[in-house]
Amino acid sequence: MRRELDRLWPEPGGMRSASGDRWLLGGGAVAIALAAVIWYLGGPFAGFLFLNGALEWLPDAFWGLLSSAGDGLVLGVLVLFVARRHPQILWVFFLGVIVAGILTHVPKGLLDLPRPAALLESGSFRLIGPELHSQGPPSGHALAVFLVAGVAMYFLRSGLLRLMVLAGAALVAISRVAVGAHWPLDVVLGSGLGLVGAWLSIRIAERFPWGRHPWVYLATLAFFVGAAGVLLVVFDPGYPLGRELSVFVAASTLVVVVRHHLLEPALLGAGVPRGPHGPSA
């Protein structure tokens, strides 16, 4: 396995992308600056009722599904789709879990601002899913989805694909306002911190490439497989279609893990030739 990991792992400096740096650091700086402007001009709760009301024309299931897609557990296990062929991204995701935890919970503790349900009268705004009251900014969902999107954007080379990933992440982040869980400021701040967090995770992975060691790789893989198991068996984000999405994502990733890490090696060991997309019959 060590030889295979060495073959797949980029050479020193191989993760570097000048355009990726610009997208992540530039986008993060713009979003954080926008959050500061919102706070300065309108306060931390500005724009919520307008945006929450403007998004009411779409059904609860739509926003519930998107909001569930922004959960860190759902997003994290997606790395299992590429872990076998891109082990460096598995390591980046693992470091991203740590970075995201720090960037989410430290500001939440310092700012300690209420959420919409804590200040606004029940029925005065659209609320989908659980009623949350404390630990407002930054939005953990927005931060998580932009961290994952940021990692994808960094390694993509197509500007169009980067824009599509960015637009998808923005839609997931906006869903946090649509379901009544966060103020717009929370979402904008979380999005900016997510992009910065993606850049930090990549830089740390490059500086400390421990994930190329077989035991670290297997332990990291087991961590995300365990997360997929939790997602499959017990996790429910509490939003419409959220449980269904969790089961689908978990089952899909576990099937890929079984194929890449058990079936393909077994077939190769039995002498079955490998085609361009895996072992061929």
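Note that Cβ sites are derived from N, Cα and C of the backbone, with glycine treated the same way.
Per TrEMBL, these features apply:
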type	residues	note
TRANSMEM	23-41	transmembrane segment
TRANSMEM	61-82	transmembrane segment
DOMAIN	88-202	domain 'Phosphatidic acid phosphatase type 2/haloperoxidase'
TRANSMEM	89-106	transmembrane segment
TRANSMEM	139-156	transmembrane segment
TRANSMEM	163-181	transmembrane segment
TRANSMEM	216-235	transmembrane segment
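Non-local neighbours of the transmembrane segment (139-156) in the same chain are 17, 20, 23-24, 27, 67, 69-72, 75-76, 78, 89, 92-93, 96, 99-100, 103-104, 108, 162, 165-166, 168-169, 172-173, 175-176, 181-182, 186-195, 197-199, 201-202; each lies 6+ residues outside the stretch with a CB under 8 Å from one of its CB atoms. Here the transmembrane segment (163-181) has Cβ contacts under 8 Å with residues 27, 48, 51-52, 55, 58, 63-64, 66-67, 69-70, 115-117, 125-130, 132, 139, 141-142, 145-146, 148-149, 152-153, 156, 187, 190-191, 194, 239 of the same chain, all six or more residues outside its ends. Counting residues 6+ beyond its ends, the transmembrane segment (89-106) has Cβ neighbours under 8 Å at 72, 76, 79, 82-83, 138, 140, 143-144, 147-148, 151, 155, 190, 193-194, 196-198, 200-202, 204-205, 209-212, 216-217, 220-221, 223-224 in the same chain. In the predicted model, residues of the domain 'Phosphatidic acid phosphatase type 2/haloperoxidase' (88-202) average a pLDDT of 95. When the domain 'Phosphatidic acid phosphatase type 2/haloperoxidase' (88-202) is classified with DSSP, helix, strand and coil residues number 83 helix, 0 strand, 32 coil.
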